[in-house]
Amino acid sequence: MLTRIHGGRVVDPTAGRDAVGDVWIEDGRVVAPSERAPDQTIDATGCVVMAGGVEVHSHIAGGNVVMSRLLLPDLYVSESAPNGHPFAHAGGSGSWIGANYARMGYTTAVEPALPPSNALATHLELADIPLLDRGGLAVLGNDDHLLQLLRDGEGKQAVRDLVQQTLAHSRGLGVKCINAGGASAFKDGVLKLSLDDEIPCYGLSTRKIMSALLDAVEEIGVPHPLHVHCNNLGLPGADDSLVATLEAAEGRRIHFAHAQFYAYGVVDPENPMTGGFRSAAERINAAMEAHPNATYDVGQVVFGQTVTISLDILRQFGGRKGAKPKKWVISAGDAEGGGVVPFLYRPRGPVSSLQWAIGLELMLLSSNPERTILTTDHPNGGVFTEYPRIIHLLMDAEERAKEIATLPAIVGERSGLPKIEREYSFSEIAQLTRSGPAKLLGLTDRGHLREGAKADVAIYRDDKDRTAMFSRAKLVLKDGQPIVEDGEVVAWFSGKTLSLDVEADAGMEKRAESYLQDRFGAGLDTFAVPDAAFPENTGTFEDVACRA
C-alpha cells in the first residue's frame, strides 16, 4: 500500500530537511515521491514529522533488571489488566517498556548490558518487549577466560576470536566494557581501581584490557564502537578517568556511556573525596572536540525515586551506603558481578541538583548533537519516560531558567548552566534522539527518512509545551503500520531483536567448550541462544552486517 504523509514539517537532518513537505511509504519502507495516487494520505498539517526514536542505552532486560523489580516493586505504577486477562502487568514489565517508548515516538531500544552467561534469559525478556526493535551489547572485560588469554600473552588473534565467539553465541549487537577488570579485582578485596592499577592474579590493567577489546571490535568490524563504562563512576575527579580513557583509545573508535556521571571535577585537590565536586562539562566537551573518534551518551539525571542497576560491582558496593530505601543486592558472580541499589534524586538536594545541571550543560555545550546522545541510563539517572521534559528544557531557555530558579545556589556556583542561552532546534533534537544513535549503532536503515529507510515514523502536534508534545505522539508508524494514535497504543505486535551477523571461529569454540567444561561442568550449549527457545515462525532475530 502506498501511503503519503502530507503537509507536516519534515525534520531529517541527515537529508538537510526541515520544512513542510511529504513523506512517502510503501511496503514498510520510505520511498521516493510517486506519481501514482496514494492509497492512503495521512494529514500531518500543523505537525512535526521525524523518524522513529532510537535508544542506545537503557536497562530494559536482564537479571539485574528483574532483581530491581523484586527489590523495589513500588517504583512503577502497575498497569491495568489487559482485556481478557485476570491480572495486571507488573510495573516496569516488557509491555510497559514497549508501550511507553512507543508513545514517545521511539521504535528501537538497546539493552547495554547483555551478560554472556545470562544471554538466553536476557533475550527472552527482550523478545517480550512489544512494539520495538531491540538488541543487547555483550559484556566483556572481567571474565576469567579473556583475562587468562591476555595474561598469557596469546595475542590479538586469540582475543579477537574469543570476542567474535562471544558475540555469536550471545547474539549481541555490539560489545560493552564495564570498568574493565573491576569486578575481578573486587573479588580480591580491591575497592577502587584506576586505568593503570594492577588487577590481582592477572597482572593486567584496565588500559590493557580495554585496548585489547578496542582492537578486537575493529578487526571484527562491529558497527558500534566499543561501549565503555570507565573507572571511578560518580566520584569527584571522575573527569580525569574519562579523559585518560579517551586518550588511551589512541584514535580508535570509542563510545562513552552515561558521561554525566564522569563530568565531576574536584573542588578541593587536597581533599578530593570530601570537598565535593563541580561541573567538568566544559572539559569533557573540549576533550571530545579534540577526539573525533569518540562519542558519548549523557545519562541525564531527573528528580525522583529510582533504582540503580550496574555490573560495576565496585561502584555499586560503594554506593550501597546511599541506598534509599535502605535495601540493596550485591552479587559477585563470575564476570558479571554487579548490584542493584535504590536511590532518590532529591528535587532540592544540592548534589542531585548539580548532577541534573551537568547533564543539561553537556548537551547544551556540545557542537555536534549526533555525538551526544540523549539517555538517562534508565533507570540509573531516572526513568526514560522523562525524555520529553528533558527535550523541553533543551529547547526552551525560559523554561530552563524557571527550573533553575527553584534549585539550590550550587547549580550556579559549580556549573555553567545558568549562563547558557542556547536552545536546541528540532533538527538538533532529531540528531540527539534519531540520527545520532542510529549512526552510532550502525543501523543504516533507521534514524532518518531518506529513501530506503524503515518506515518507522513519529508525528507530533507542534506544541509550545514541548513536554506535552513529545510525551504523546499524534501518530507512530512501525514498519509503516500505525502502533500509536493520540498517545495510545492501537496495535500490539512484536518487533525484531537485532544481532550481529558473525560466525564463531571453530578453533575458539573448541577452546571455549573445554574452558567452560573444566570451570563449570557445562559447555557452550548451556549458554547458547537457540532459535528453538523462541516461538516458531516469528522470526525473532534480524541480522545486522559487520562493517566492510
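We number each residue from 1, going along the chain as drawn.
Backbone N, Cα and C atoms are what each Cβ position is placed from, and that goes for glycine too.
Annotation comment: Swiss-Prot describes His57, His59 as Zn(2+) 1 binding site. Long-range Cβ contacts of His57 (Zn(2+) 1 binding site) within its own chain (separation 6+, distance under 8 Å): Val110, Pro112, His227, Ala257, His258, Asp297, Gly299, Ile373, Thr375, Asp377, His378.
His227 (Zn(2+) 2 binding site) carries a strand DSSP state (E or B). According to Swiss-Prot, the feature Zn(2+) 2 binding site maps to His227.
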Cβ neighbour count within 10 Å, max among the binding-site residues His59, His227, goes to His227
